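Participant: Below is a structure I'd like to ask you about.
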């Protein structure tokens, strides 16, 4: 229904315009329509005012900021619970607020449970009843030991408030975090005897039911901090479930569930740009690496028989093609025929597995040269490595494709609207087995080999005796160079749950792996004369990559 105050009147006929000049001017003090969203702490809680002010839950998201006094509106509803406790009311049943006010004995012998079903007034759940999906459990100690005096009963208020989609009870952080919201726009208020109750030894437990959330969203139990004017999670813990979340808190106030993207849209766009720029730079340096290899192979006879440079170039080639397919996949729309999306996902998956495989083969080759040393001859060595490096990923991709695991991956926000579509996996088990598990095997093997090589380098006599100045730094740089070959930058992925800064570090360093490989290639095959003539242990270990496996 359209608000009368916003209805446009029909135009006056032109013949009436001269008559308007004869009318007396309007009194400038004439009072206009009342703006219920702009008031100063007018705490009137009759039915008319409650209904009128509840419209601000929606209006304050549509009007200009100056048209809404959000702070006063928040205080109005926070004080409403105190109003209920002071007056002899038992229930409130309005579309935007449901409340139960009940006298509770301070001598109860068991915890109390109350239903929080959104469409109903909160009610006490008796023993033997089925537990509702939305509920609150109040420990018995809350009504006894923590309340002063010798009162035999205390008043309890439970309020369920629908705060709408506007700016009220959103807080600065939530408004800035694009894609975040209060789950179902619902707050649950708990108050006992108008006391400021904190530091409970037995926690209050609130259970919220909800639909299964997208994998890129996370739920957090929070309370409204009156001092900060924002949501906070201090003193609350979150137990996540597929279709319910349990909040346990050590105080009483207004509670809610915040739904936030793991990465907000702005951050995701920034990380995408960093990845695209890093992959582009890596492709340039990887191309330089391959060109240098061809030049060295044409000019130096030994490059035709050595296996180490061939393995480096195989890794560089697979990484170049992975970066290329990544840029194509991210930069183009997944819309089109299912077959084309299937092919793009399969190709990207194939080159990703090729990179993981060749990093593992780099680690294997390093193990033969630096750890095993003796009995390392294998007939047709590089041919066998090539069959494994390019063939094994192909078998995995064929297996995944036959199970129809490729397709459009849709990432949705809390409103169930698609925020990103990508040609990738549409079945999580296949993703975990053939990407996460595959990478984990390759990474752990490379990490173990690198640790053994580092131990061997730093225990060389020339290093421990300190015969050459700066020998320790040369050893450190050697380990860093080898780490780029075995893919240690990919291992930074395990640190991403620590915070946004680690996500940026992982994205930056991992996208620049091609640059690191180029630097290592230059250092290894274009050494300074002093380094070439050096008889130090580190130099000898560097040069061991040039040993032929004929």
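Here the Cβ of each residue, glycine as well, is placed from N, Cα and C on the backbone.
Feature list, courtesy of TrEMBL:
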- 112-265: domain 'GAIN-B' (DOMAIN)
- 271-525: domain 'G-protein coupled receptors family 2 profile 2' (DOMAIN)
- 280-299: transmembrane segment (TRANSMEM)
- 311-328: transmembrane segment (TRANSMEM)
- 348-369: transmembrane segment (TRANSMEM)
- 381-400: transmembrane segment (TRANSMEM)
- 435-455: transmembrane segment (TRANSMEM)
- 476-496: transmembrane segment (TRANSMEM)
- 502-526: transmembrane segment (TRANSMEM)
Participant: Near the transmembrane segment (348-369), which same-chain residues lie under 8 Å Cβ to Cβ, leaving out any that are not at least 6 residues past its ends?
Facilitator: 307-308, 311-312, 314-315, 318-319, 321-322, 325-326, 329, 376, 385, 388-390, 392-394, 396-397, 400, 406, 423-425, 434-435, 438-439, 441-443, 445-446, 449-450, 452-453, 482, 485-487, 490, 544-545, 547, 549
Participant: Using a Cβ-Cβ cut-off of under 8 Å, list the residues of the same chain that are 6+ residues beyond the ends of the transmembrane segment (311-328) and lie near it.
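Facilitator: Counting only partners 6 or more residues beyond its ends, the transmembrane segment (311-328) has Cβ contacts under 8 Å with 275-276, 279-280, 282-283, 286-287, 289-290, 293, 344, 347-348, 351-352, 354-355, 357-359, 361-362, 365, 382, 385-386, 389, 485, 513-514, 517, 521.
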Participant: Where else in the chain does the transmembrane segment (381-400) make close Cβ contacts, counting only residues six or more beyond its ends and a cut-off under 8 Å?
Facilitator: 307, 310-311, 314, 318, 346, 349-351, 353-354, 356-358, 361, 365, 406, 430, 434, 438, 549
